[in-house]
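As structure tokens, the structure follows; a few thoughts come after it.
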Amino acid sequence: MATNITWHPNLTYDERKALRKQDGCTIWLTGLSASGKSTIACALEQLLLQKNLSAYRLDGDNIRFGLNKDLGFSEKDRNENIRRISEVSKLFADSCAISITSFISPYRVDRDRARELHKEAGLKFIEIFVDVPLEVAEQRDPKGLYKKAREGVIKEFTGISAPYEAPKAPELHLRTDQKTVEECATIIYEYLISEKIIRKHL
């Protein structure tokens, strides 16, 4: 980090909270490709917006078109991908928005760092394991990525030729082969209410 820079203070979290009438947090959806992360994130964002709550979705694929377009899929690049997203999602949470991230984020240490980053800032971090058996994910395979990975066309593909480290103690564990997208979004919404991050909206 450069030594000739200065942190500039701005509005306090409490001032933003009073304006938005909600707490900020990061909802971190992690799981295999085709587990349903992005689909749940979209449904949750719509549900929150229907309740007049401020939310913003950060999607793994979309981010690689811009902020992280210089990164590949090596372990080092995956680490940097998640580090950047952790910082961005923290900024959204600090603005009292509900930041919804949907990234495979295969390494436990990266997710733990993201959690610690939020903890140091006094912000809530909600890790959600979007779980599905590998064989179900392969059957879904909407982008044909598992097929390409099995054929050796895609290298270092999570779940096939690269590891996925499942969360040990996530706030929520969703089995998407057993619950619908709408049920998963509702479970997360009700969790936010139970944790007093948001108030129940009729």
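Just so it is clear, glycine is given a Cβ too, placed from its N, Cα and C backbone atoms.
According to Swiss-Prot, the protein has these features:
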- GLY31, LEU32, SER33, ALA34, SER35, GLY36, LYS37, SER38: ATP binding site (BINDING)
- SER105: active site, phosphoserine intermediate (ACT_SITE)
- prompt: Can you check what DSSP calls SER38 (ATP binding site), collapsed to helix, strand or coil?
  reply: helix
Statement: CA pair SER35 (ATP binding site) / the residue listed as 'active site, phosphoserine intermediate', Å rounded to integer, equals 13
Query: Which residues, in sequence order, are found in the same chain with Cβ within 8 Å of the centroid defined by the Cβ atoms of GLY31, LEU32, SER33, ALA34, SER35, GLY36, LYS37, SER38 at the ATP site, excluding those residues themselves?
result: SER102, ILE104, VAL130, VAL132, ALA137, THR176
- request: Looking only at C-alpha atoms, tell me how far LYS37 (ATP binding site) is from the residue listed as 'active site, phosphoserine intermediate', rounded to the nearest Å.
  value: 11
- request: Please report how many Å separate the Cα atom of SER33 (ATP binding site) from that of SER105 (active site, phosphoserine intermediate), as a whole number.
  value: 10
- line: Taking only the CA atoms, the spacing between SER38 (ATP binding site) and the residue listed as 'active site, phosphoserine intermediate', expressed in whole angstrom, is 13
